[in-house]
């Protein structure tokens, strides 16, 4: 394999200078020697004074090329590395896509120690020293550790050999590879589209618009043609086709039919980031809609906009209720009320119901991105501390002398439960679910329209709008619908994935690299909340690098909400929780280009759809390869069971930890809920195989039965023929016996020759008696001759030879029972028929007539 791609290591190449601003080039990583001390840190004075080193490319370790993905290259290897979580030794490889850990014994990839570079949230150098109470000889030894904290709920620690630079080299490679200089330095561009080609996402969005508006027969490619589709109340507008009106909105928008593009242009200026109210989902039955926008620019002066008020009012004009009353409009502000008021001081704020006709303002009280980021971090530390594979290698049962969770101390157990509550994650999930269910109920039950916004309208707004649409529309609970939902409400409407996930963003012609906050602390940095409590075994010193303050797990939180709904309604979703986990892993890894950049505009300008592989095509290929029993399919899915909207009551919205995602690294044995579905699929496959075998067996049995019936019919026919033949044979035997007795009564002798002929001789005839015998000529004439005795000849001939035999013709001529039409009347005439052979009796009946009983038994002399 070729040498590793050098673009991960150069900072002043021609291409970088062409596409990236020089101020955006990543600084070289700080070189921390393994024996770097606090005193040396203080003397350094600043990060810029630290010595910089360069990582040189290396060849692929022997026997590991088969473990690499397409276009994946090894940058730095580390040998004899120990995964502290499981105390397993192996080889650690830094590639251009991931951190790869291979077991030393089995030479297989260890999933816990293998993490994509884009999934790494922060990494730290740790020095683990024995506590003061340990043996004096142990105090001189310390372990060189590297802690990796992932966005996917994992915390892993690798231990390196002392007196080597392996940890330094790995840390240096991670520094460079996890914060690339530009978007095209990501692995997905190196890999390319491969076989997972991406179709035009703008066309897919238009097709979803057509479905929402119920415009039949209009789904097409939409390539290079203006879109002017509409129904009775709504139209698809191309006013943002060049992204000039709103850079973070899609090129096509659904707006009220009777609002002109000029009025739309005027209304957008009153909303933050020009994100004006537009339709997101429409109820096909009652006509109610879900719309989205950003906060209005009310400010402390309570400013108003006639164009904005007219546009918002038009959200209700499209569907007058049957009773003639005007539809009510709810304006759902996702923020806490105090936050909305605080934004008013900065030019934002919230609407006033007095300015929007027949409207009601509702605040959901969902916290901002910073609260969500901190909450997930606490939850990650919690499961790492109390999990079975903690990052420090110590079982939670033994921590603090066994007086933690599972140690039998009820107070400590209660404390750990309160620690879970202190994370706040489940409360945030519940708030998002409750807000979405409230929106769905207003639209589905009251037939009211709802306008949803937060501050900028791309975080909490996306969560609420998409989740409410999923509750109302069964189509979004299928694979195809889920893709359409994500592409519409998250990708097209500008959720800033680049900022939230910490990947490079594109602004104009410049690439903004990932910013990592640098932390150098001389204090102890606990890896988990309770890790440094009394009785802790180790002291940790760290030098860490982490992402900036714009990252937040907003999209992960939304997927978590779907997993909670799938738990409540297991029959309503075509996909399984396993699909959601794999989907999140693909999103966080940045292996595909679908979730790069911050908006549709940036992805189009960067050429992402054409240059990168498609996540949806990859997941679809997995399902095709696995068949209908693939783990991504929900075994319990029943589309007929939940054809109507899902409207969960508040009491059912009690979220729990999502085992398949939250616990899969820290508690792998307890995160096996997906195994239930796997076992069900296994049983289903076996049942299907048994049903197929049963069908084959039934078919064979049916064929055998049919054959048996045919044989029975044939046997019956043969039996009937045999019975007829037996009857004929019996009749022939009786007739033959009668003839024989009659002939013998005349003193004749019956003789049978080997050729089958039978001859009757009448012996002892007086010489004076003359008998006439019939002589049959070849032409069939009859001649009478005088003979001294009388003989009767009986011959057996084949039935098909009778018509051509002169004797037979003579027999038929002389037979008194022959019909006028000719032909033999045997056996009705007394002839004997045995099977396919006819027995003909050829005799001179006149000679018998001339004999008298006296000629035989009495002597006239």
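Cβ coordinates are placed from backbone N, Cα and C, and glycine is handled just like the others.
Remember, predicted model here, so these are calculated numbers, not experimental data.
Here TrEMBL flags 1-38 as region 'Disordered'.
Per-residue pLDDT, averaged across the domain 'Myotubularin phosphatase' (199-662), gives 85. Per TrEMBL, domain 'Myotubularin phosphatase' is recorded for 199-662.
Annotated substrate binding site per TrEMBL: 368, 369, 454, 455, 456, 457, 458, 459, 460, in sequence order.
Taking all protein chains in view, 28 other C-beta atoms sit within 10 angstroms of the C-beta of residue 454 (substrate binding site). What TrEMBL records for 454 is active site, phosphocysteine intermediate.
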| Environment of 368, 369, 454, 455, 456, 457, 458, 459, 460, the listed substrate site - residues of the same chain whose CB lies within 8 A of the CB centroid | 334, 461
| Close in space, distant in sequence - residue 460 (substrate binding site), Cβ under 8 Å, 6 or more apart | 334, 335, 364, 366, 368, 432, 454, 554
| Just how many other Cβ atoms lie inside 10 Å of the Cβ on residue 456 (substrate binding site)? | 19
| request: Over all pairs in 368, 369, 454, 455, 456, 457, 458, 459, 460, the listed substrate binding residues, work out the largest Cα-Cα distance in Å. | output: 12
| Between 368, 458, which of the binding-site residues has the fewest other CB atoms within 10 angstroms in the structure shown? | 368
